[in-house]
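The signal peptide annotation in TrEMBL covers B:1-16. What TrEMBL records for B:48-68, B:80-97, B:137-159, B:171-195, B:204-225, B:245-269, B:366-387, B:399-419, B:431-451 is transmembrane segment. Taken from TrEMBL, the feature domain 'Cation/H+ exchanger transmembrane' applies to B:56-457. The compositional bias 'Basic residues' feature in TrEMBL is assigned to B:662-674. The compositional bias 'Polar residues' annotation in TrEMBL covers B:803-813.
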Amino acid sequence: YSHFLEVMKGHSLEEDQVNFRGFMRTLAHFRPIEDNEKSKDVNGPEPLNSRSNKLHFAFRLYDLDKDDKISRDELLQVLRMMVGVNISDEQLGSIADRTIQEADQDGDSAISFTEFVKVLEKVDVEQKMSIRFLH
Amino acid sequence: MLRAALPLLGLPLAGAGATEEPTQEPGSPGEPPPGLALFRWQWHEVEAPYLVALWILVASLAKIVFHLSRKVTSLVPESCLLILLGLALGGIVLAVAKKAEYQLEPGTFFLFLLPPIVLDSGYFMPSRLFFDNLGAILTYAVVGTLWNAFTTGAALWGLQQAGLVAPRVQAGLLDFLLFGSLISAVDPVAVLAVFEEVHVNETLFIIVFGESLLNDAVTVVLYKVCNSFVEMGSANVRATDYLKGVASLFVVSLGGAAVGLVFAFLLALTTRFTKRVRIIEPLLVFLLAYAAYLTAEMASLSAILAVTMCGLGCKKYVEANISHKSRTAVKYTMKTLASCAETVIFMLLGISAVDSSKWAWDSGLVLGTLFFILFFRALGVVLQTWVLNQFRLVPLDKIDQVVMSYGGLRGAVAFALVILLDRTKVPAKDYFVATTIVVVFFTVIVQGLTIKPLVKWLKVKRSEHHKPTLNQELHEHTFDHILAAVEDVVGHHGYHYWRDRWEQFDKKYLSQLLMRRSAYRIRDQIWDVYYRLNIRDAISFVDQGGHVLSSTGLTLPSMPSRNSVAETSVTNLLRESGSGACLDLQVIDTVRSGRDREDAAMHHLLCGGLYKPRRRYKASCSRHFISEDAQERQDKEVFQQNMKRRLESFKSTKHNICFTKSKPRPRKAGRKKKDGVANTEATNGKPPRDLGFHDTAAVILTVESEEEEDSDSSETEKEDDEGIIFVARATSEVLQEGKISGSLEVCPSPRIIPPSPTCAEKELPWKSGQGDLAVYVSSETTKIVPVDMQTGWNQSISSLESLASPPCTQAPTMTRLPPRPRAREEPQAPLKLPLSSDPHSCFAFPPSLAKAGRSRSESSADIPRQQELQPLMGHEDHTHLSPGTANSHWCIHFNKGGRL
């Protein structure tokens, strides 16, 4: 997961410097959503640990060139990090292709953020992108 | 028939009677044999196994009957029905034999009936979910069970002190604690039987079910400790004994788990080496798991825990090691055994309850126990959940708690344990038996009946089954990694961190040690999901019916506006199946003359429908191996052929989509070709080409090699005998060649079925005359991998180059390759493609690669591009010519060109 460390550090703050505030902001994404938070202040600014913010955080990990789209190459890169060396490049490529095809709705061979949200709508992101210690 | 059926019907009764009047049996030794008996009745010799088989048969038949009515089974859990059936059967037996027979013997139960159920549940336990909730499960299993046992025991004792239990129940505090310990454990069999039908959400299920499995260790320890205390007499129990009791809790549970893990390791390791004896793989799984159970039982450790851990631990490796068929066999056998055992258990439970000699009723005790177990279960759940929710990411809400309290079913384990009590040491045994029976029946029948409506009424989140998508799997993996990374950054080494660590360790060492190398190589979860999805798609395509094949598949190429038609229909189809399969296939669509089309259609029909009697069945007599026989291969071929055609109907959409996205190439290019052009081309010796080969060329390695008919007459002769023949050969060579010359990735299809006639539709053999067609298809239709056009291009070329030189005619064909002037090509392009000559630019080939290809083939071709275009056409479909033009030679693109 070392890749994620770097990427996370990279995009959590726009500057090179890692300051404590930025760090905390990044970590805030992983705060679990509490029951009382769900109902209150619908109009207020969206908290960092909302579902869409959690998703966006993950999305940005894929989106290496920051064009708001996950392209095949970007996906491949992430895949390569995650799976071991056992899977051949072609297999990875086919996985990436299929992944994109599955998610792609507007036919641009890339996954936009809306498409990203759509494919994960059945996944309990609130739960899976939360860490207990940030309670 | 009647004769055979009669004893079967009468057997339960005969069995009952047999023990009483053995001397009247015809075959019994008491009777002097009057010479050679024509008919001997030897019931005693087969009695025991016969009865076992018969009971299982009765249970299974009962199951069938229950399930005849959907209404009944949707309302009443099967376990209830079985218990009621057992009661009825027990009543009959009792009435006929005047004494109770066929009861649930603790020995039978623990040694034979319980292990399959536990193994089944351990093996098919969703391990991720289990470990995610391990904390909660352990809490409920250990603390909850202890709490239940002590509070129930103590409360009953209090009840007795208060005088609410009749004084004839002679029991002290220790007796009640013993009783509490056996009655408090939630029973895995009962929980599984009821909860499997309720479909609550996964978290809730795994917590209740995991608890019921893991609390066995606690139950066993408590039961044993209390039992020995009772036997010793409360006066003799010293403080060290209590300490020993506590220590034995750890010994029993950890020891049981350790035994299970050791056997899991052995099992995984053994299956790594079963490559040549596939047939014993399922057996190994059962044997070693059972050995784990018996070993734990022998060492008086928690056997249930051992089997659970064994199943849980070995699954990943075993599944990777054993063959696909063994996997199915294991799955079904396990399910069958478990279901069998469960059925028999519930039935015997019902039968055992009939025996009134064993139990004595005391209303105070029964009602008190019922109330206390319900009350303390609920109280315990609430208290523990409150504590757990302080730590849990997703708190368990009130509804969950209600279901958990209510789902605390007691079952056969409690019953078996109470039967095991020693009447001399525990004078109140009969009362305990009666109470246990009532409790078990109450929980299984009443709670089992009401839990479904309750769950509905409370609107408990149900489990929802949705098909896994690759995206979900992939992104969830990413989430895991992110969380692990975050935990690492923060320095808080929590669950995610350790899970990640474990996965690393597993990947690096364990998997490598326990998995076959071939299995280890392709072992990855994401890949697994991808693979499964593709297989599912493939199956659903085939399932969706041949009608699409026969109707659209054949008529499509003839439709002038087929592009749009195909696209809509195919996209619809795609949406229906909900899968964005990347099942591309290079396809060429040519508009050909009517006759040609007919021929093609007929040919394809024949190819698909008729199976050549190429191979006879080879009688397989080996008991130890299941050979992949002809039938199987034929099935595979049917599948592949069907797949292929399905895929063809898909191609256009896929291509067009990709195509609009990336490349500006006009899509109609290939289809606008005129027949006449094709003909002239063919007469020129140049293959008609179709550029419908779009940019995402699938990497199904479909290569077709032509042999010179004159140089290879022997072969063609041979083939002629057999009718329609398709031969494949030299696949590895192809792959290698492709790798070398293309220096690009070749399709990931290491396995190629050697004689694979599935792509037979490539050509109309009667037209090509003796031209013999070699088609290479990746055996794994699922691994159709689109690469970008040039990759596919390179590949097809390189592979063709290798193929164009079959072993016998290697040098000649190669050298005869066309030294075609480029000029020849140019005038034809516009002709062929009136809309644009653009497509050619798409096929622009990196010069370096082209050179590589050329040097490889050692041809003197000065225009590599020309040469490269040809093979592409060659392996494309539908390049049939109208008859009479280039009758037998049209498909010999490569060599033909050479001859020109």
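Glycine is no exception: its Cβ is also placed from the backbone N, Cα and C atoms.
Keep in mind that TrEMBL annotations are predicted by a computer and have not been checked by a curator.
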Hey, which bits of the same chain come close to the transmembrane segment (B:399-419), Cβ under 8 Å, at least six residues off its ends?
104-106, 109-110, 113-114, 140, 179, 182-183, 185-191, 194-195, 200, 203-204, 207-208, 216, 219, 223, 345-346, 349, 352, 358, 373-374, 377-378, 381-382, 385, 429, 432-433, 436-437, 439-440, 443-444, 447-448, 450-451, 454-455, 458-460
Taking a Cβ cut-off under 8 Å, which residues six or more beyond the ends of the transmembrane segment (B:171-195) line up next to it in the same chain?
77-79, 114, 117-118, 121, 145, 148-154, 156-157, 160, 205, 208-209, 211-213, 215-216, 218-219, 222-223, 226-227, 229-230, 234, 304, 342, 345-346, 369, 373, 376, 407-414, 417-418, 421, 426-428, 431-432, 435-436, 439-440, 443-444, 447-448, 451
Report, as numbers and ranges, every residue of the chain located at least six residues beyond the transmembrane segment (B:431-451) whose Cβ falls under 8 Å of a Cβ in that stretch; write 'none' if there are none.
75-77, 79-80, 83-84, 169, 171, 179, 182-183, 187, 190, 193-194, 198, 346, 349, 352-353, 358-362, 365-366, 369-370, 373, 403, 406-412, 414-415, 418-419, 421
Any chance the transmembrane segment (B:137-159) and the transmembrane segment (B:48-68) have 3 or more Cβ pairs under 8 A, given the pairs are 6 or more apart in sequence?
no
Short question: which residues 6 or more past the ends of the transmembrane segment (B:366-387) have a Cβ under 8 Å from it?
139-140, 143-144, 147-148, 151-152, 155-156, 159, 164-165, 179, 183-184, 396, 400-401, 404-405, 408, 410, 434-435, 438-439, 442
